């Protein structure tokens, strides 16, 4: 009888041990899963640095095929802006809102919509001459003319024509760091005639009909923040790198320029119009280019043309065309996730107004229905941190001043072709100060406004544009 009574007790003890082990394993897996779906951030790393610290791999940047990308207002820029002229984050976000409204208005106008943008107080911001970026915050250095003049230009996938300020400034030129380009000092400069195909194409590239002065084509372009450039449309030798040179490159030679370019010499247009840089260099590069935006203003990235050396780990989705916005790069986002869980939103809501990717827009704009779901999920997983006041268009902000490390939920975008793009931790947050760190997404006015995938959420990704095959690729850890 003793043996009979001991055996069940022995089995029960083993079952209990197994049960306890299963619980421990389950808890470990749960913790591992939770850790896998969050970013752990050292709060001190969120503070801006005054020292330029490019990634180690930047020393190995192939200068024969790549341009270094730097943030306009960071310590790597060497534009030496006066501190009083460097915009605050609130100003940057306000002008970003103006740019977004301008994109929405342009699309609505082209489609004949009666929902035209109402006059906004932000559109009447006083223009600080050359101090506030309204068309992008990343710049590259290119060469123009013979002999070559090195010019720092803002690169922008939402713009088509390339232009720079030119001597003589017939009306006005804003202050720029580089010497202003002088056409008379270049042996390869020539004006474009009013009857040329290039001049005719200006209407679609700028939204304005070209002018004509003594048979010379005159261009004019105005941006959403009221910045503008007017001058002669011309041809010139463009030097991208030491071994990538193009003759007869069409560009704007601006002799009347005002606005928000922060010391840069002009703009490099990477849109889809026939006058854009990718289109003008299509014979060599087949409309393929890629870039990686640095993780912070104190680091660097790259802009590269062609597909030489393209990583096999790039995942491609489809590029589409937005009705009324053929120059923009259209995309299709089908889902989003927060902390590893997809939001309960219909793909039709994400697609209602169409979507574009834009290097010049700072903050990604989502349909309000989608943004509400994103914000709710993010706040739920961040409820143990104290909230801070809103920052301009950003309404979900936190005070991390009493923490040394914080954990934030990971966020991913899902595209057509089964492509998941995880957003870098620095692309999830927008930092005004340690006591005001915000979720770096915002909502549109309505679900039928175009979704805009902005540059904050593109940080550290290599983004590959293949205009000929109509593909868009992503690679994580692109800058390193």
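Each residue, glycine too, has its Cβ placed from N, Cα and C.
What TrEMBL says about a protein is an automatic prediction, not a curated fact.
Here's what TrEMBL has on this protein:
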ACT_SITE  156  active site
ACT_SITE  358  active site
DOMAIN    138-475  domain 'Peptidase A1'
SIGNAL    1-32  signal peptide
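A Cα-Cα distance of 8 Å separates residue 156 (active site) from residue 358 (active site). Of the listed active-site residues 156, 358, the Cβ environment within 10 Å is emptiest of other Cβ atoms at 156. For the domain 'Peptidase A1' (138-475), the model's average pLDDT works out to 95.
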